[in-house]
Each structure stands twice: as structure tokens, then as C-alpha cells.
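Asks: Pasting in a structure now, in C-alpha cells, and then I'll have a few things to ask.
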């Protein structure tokens, strides 16, 4: 509930709503933040994830609500000790936390001493993201890159950090990857040279029948312009249950063969390679199609399960082995020999003869 409600409240604020029609939702978010931590106190991390926890703090700040210092300290401590990792990629979590820190400091919702700590932590996160940039300009993966760009924009380092321009170029080359409401909501502000923090400073103006927000041109420029950004952002942030309708891909004639490998290292398994088989599929098949085709082969020795998320289906179980948050593991997607995929299972379309690896990994 923490992350979903936080996104909804961010979207709601982007509509320039009347005074406090959502007070009860803010109260619920505060409650979820406490439950999220209390229920897992013995583990030393939230029940959900630091990503959702940081998103909750960010949403409260955008609504100009004070957050208890203990809650903020939990995030600071996690960042200082390198505990923000999730799914093998820490960029999106570090970015959300850095945005929350910057918001609290800018809106003066904390004392001067803590504000200085938060500013230093946010700028430290900005530097680490620049260092994590790959030669292709991507930071973490293509989906975490907009989060990193939002940090550069929010902290003002976009004006001096070379990684900003390189990451923006990589983003513009891969816009087709952002095909769901949730991922579009992350990339849309960046294309306007803005971050989620700018929701707090929009100029609201009345139009017939409803309120709309207007964003000024971003400090570091942008690639699209127009007053429609606020209502679109609201819809994208709030409507995270149903993927956007997109035009179906054109049929590609012919077939291809993909080698599907499942790896499970210690401590979860004694045999590293649990599955290794060629799977014939149509030429336009996605990784999800490959998994479904493998499950239909004879003998029936492959099975998997997915979970629907705002970003699309997420692989949760393979060959009876379930990736669980409590165990801090996940199913990593790679193309041989060891390159992590930049897209989800429904979006990635392997080449003929490619070897795809599903590897149970720790985060």
C-alpha cells in the first residue's frame, strides 16, 4: 500500500486540488509508513522496500507534511550503510530517497542540522549515480535512468554534471521502452526538465470546470513543452493499475530458436544449472512468449509464475523456486554470457540463437 498510495498522492497534488480534500489519505500514508517499519523491526528494513518507504516520505513532503525525524533517520542510516539495494539495481531506490531528502531540506520541514545532512546525502547520491553510468549513457538500467535524471534536476547538478546530457541522450533513444502508465509517469517530467519536486511549486490557474497546473520551463531545459503536462502527469501517476493501450507490434514472419537457461547458485541450490533447453518461438516473440512456449513443451519440465505490476508482469517463481522479499532474492534476467536485460519479460524480444538466463540472485 505504501508505494501505491504515495504515487496516488503525488498525482493528486499535480491537479492543484481544492484545500485538503485528501487529508484522510495523507493520514493513511503516515500510518502505512509506521506499519511498514514496525512489522519488520527485527529485520532492520521495511516490510515492503526502501524504494516504497522513500516514495512515501517524498509524497508526504510534496504535500507539505512534516515527517518524524526517526523516519528520516532510518533512510539516512540505510543510505550510509549501503542497504538501499533492490533487484540488483540500487539507482531507482537511491534516487527516490535523494528526492525525498531534497524535498525535506528545500521545504524547510526539518531543522538546520538535519537539513545539512540531507543536502549532503542527496548530493552524494547524485555523484554515485554519475559514477554508475554505463558507456551507453544508461544509469542502472533504462527504467531507473529517469529517476537518476530527476535527482540531477532536483539538486541542480544537471547544469554541471556531464552524466546528465549523456543519460538524457540515452533516454531519448529508448523512449519506446516506456509503454506503461507507471514508467511514462517517471519519464514525462524529465522531458520537461522537471522532477517530482516541482509539483510543489506549480502555478495553478482556474479553467472552466476544473483546476490545472502549469509548469515553467525547467532549469536544465527539456524536450517537450506545453501546459498539458500536469493533468497528464496526474493521470499517469494515479492510473497505475492498467497498462496503456498501445498499438500491437507488426507480425514478423518466420520463427526463431532461443536457448533458455535457469541458474540457481548456492545457498539456494546445489546444482547451478537447473534447466537448459532450446525453445522454438515465432520471430516476434517476447521473453514472456519464450517462457510460455517452454512451459508447453514435452515433457512438461518447465513452469513459472508472474505477478502483475504497474511496470508489467514480474517474474516471481521458476521451477518451483519462488523469489521472496523476505529472502532478499529475485529472478535476474540476463542475456549470455552475463549482460542484464534492460527491459521486462513482456517487452524484451530476443534474437534468433540468443541464450537467455534466468538466475536466482541476491540483492
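Every residue, even glycine, has its Cβ placed from backbone N, Cα and C.
Pulled from TrEMBL, these are the listed features:
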type     : residues                                        : note
BINDING  : 48-52, 92, 141, 186, 314-315, 331-333, 341, 363 : cyanocob(III)alamin binding site
DISULFID : 61-103                                          : disulfide bond
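Tell me what's around each of these sites.
Replies: Cβ environment of residue 103 (disulfide bond): 58, 61, 62, 109, 154, 197, 200 lie under 8 Å away, each six or more residues apart in the same chain.
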Asks: Find, for the listed binding-site residues 314, 331, the residue with the lowest Cβ contact count at a 10 Å cut-off, counting only other Cβ atoms.
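Replies: Ranked by other Cβ atoms within 10 Å, the binding-site residues 314, 331 bottom out at 314.
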Asks: Among the binding-site residues listed here (48, 52, 141), identify the one with the smallest other-Cβ count within 10 Å.
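Replies: Selected from the binding-site residues 48, 52, 141 on minimum Cβ neighbours within 10 Å: 141.
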